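Asks: I have a structure I would like to understand better, so I am pasting it below and will then ask my questions one at a time.
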Amino acid sequence: MASPAEEPARAARKGDSRPQKQRREDQDEAELLTVPDGWKEPAFCKEDNPRGLLEESSFATLFPKYREAYLKECWPLVQKALNEHHVKATLDLIEGSMTVCTTKKTFDPYIIIRARDLIKLLARSVSFEQAVRILQDDVACDIIKIGSLVRNKERFVKRRQRLIGPKGSTLKALELLTNCYVMVQGNTVSAIGPFSGLKEVRKVVLDTMKNIHPIYNIKTLMIKRELAKDSELRSQSWERFLPQFKHKNVNKRKEPKKKSVKKEYTPFPPPQPESQIDKELASGEYFLKANQKKRQKMEAIKAKQAEALTKKQEERNKAFIPPKEKPAMKPKPATTETKIDVAAIKEKVKKAKTKKLGALTAEEVKLKMEVDEKKQKRKK
């Protein structure tokens, strides 16, 4: 008889019709794909490539005029850092360029690529302390070009400032979440850090230039960071936990003050407008004599003048109309709490008069000292 604990395992075996060998292969592949925590790739040393490189490789990059003073100061440090890896570095201030090239002693074939990235970062206003980290094996860099992503200059400046945030807070949050150093300078964004962090930085920067606020991506990164701590959720899909932000395209077109409403279509033409003679025939003016028409016009003008005069008179008379006065309030009787104690004030004034101002005289000081001594003796 099988125990109740063994029954579900047996049922699972029956349901999985694949052979045992294939199942083992799948398990081995899954184990190979997962990188153990804290694992690091061994450093590349001279023993791995004892014969060195066959040919010399070199890279050069230009730098702006405003970086000349800083590069001149830190160039001995750059040469010292590259000499450790047997890479030669030259600074040409006349041409405004930096050049790195391998030597006969260079054994690492990839160090020239890292040296190229180092001079590129220095040209993009990254400090030497941060740029020199690129020579490490577990650190990479990414220079994102953002200048051509937005056509309008003002819009580009606004979005770039949005990436930096107020007092650099958004950029600082991004650095903490991705473990990368991010530098926004001109038309480029330079990032230094691990590969996984650089991927996230690139996504955030490009989305910001596409008018997606960086706070949404930062929120997603924070949730991912918390989910990664749970060992059970590592192999599962995280879509149900991540927020879904819909991009709303709001139309900012100003509506006109006078909206023209379209009339319904009719096959019949509009009615003929009445002429001046038709209007006069309808009102009866057509049959009046010239002097009567003149008299009517004069009466209409006089009526308008009289109406305007009365309006003006009313406006003038407004200044002479007295304003409505507020009703007089009766004074409230003084409460007992607010009454002033006159006798107490008089006593205070008398005491103030008797007090002497300034320092005591020598005789008064002696008398005071004698009184104090007598008091101490009595206490004893």
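The backbone N, Cα and C atoms fix where each Cβ goes, and this holds for glycine too.
Annotations for this protein, taken from TrEMBL, read as follows:
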- 1-35: region 'Disordered' (REGION)
- 7-26: compositional bias 'Basic and acidic residues' (COMPBIAS)
- 138-210: domain 'K Homology' (DOMAIN)
- 249-261: compositional bias 'Basic residues' (COMPBIAS)
- 249-279: region 'Disordered' (REGION)
- 307-328: compositional bias 'Basic and acidic residues' (COMPBIAS)
- 307-337: region 'Disordered' (REGION)
Asks: Compute the average pLDDT of the predicted model within the domain 'K Homology' (138-210).
Replies: 93
Asks: Quick check on the region 'Disordered' (307-337): DSSP residue counts for helix, strand, coil, in that order please.
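Replies: Split by secondary structure, the region 'Disordered' (307-337) comes out as 14 helix, 0 strand, 17 coil.
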Asks: I'd like the per-state residue tally for the domain 'K Homology' (138-210) from DSSP, helix first, then strand, then coil.
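Replies: Helix, strand and coil residues of the domain 'K Homology' (138-210) number 40 helix, 17 strand, 16 coil.
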Asks: Go ahead and report the DSSP secondary structure tallies for the region 'Disordered' (249-279): helix first, then strand, then coil.
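Replies: Split into helix, strand and coil, the region 'Disordered' (249-279) gives 4 helix, 0 strand, 27 coil.
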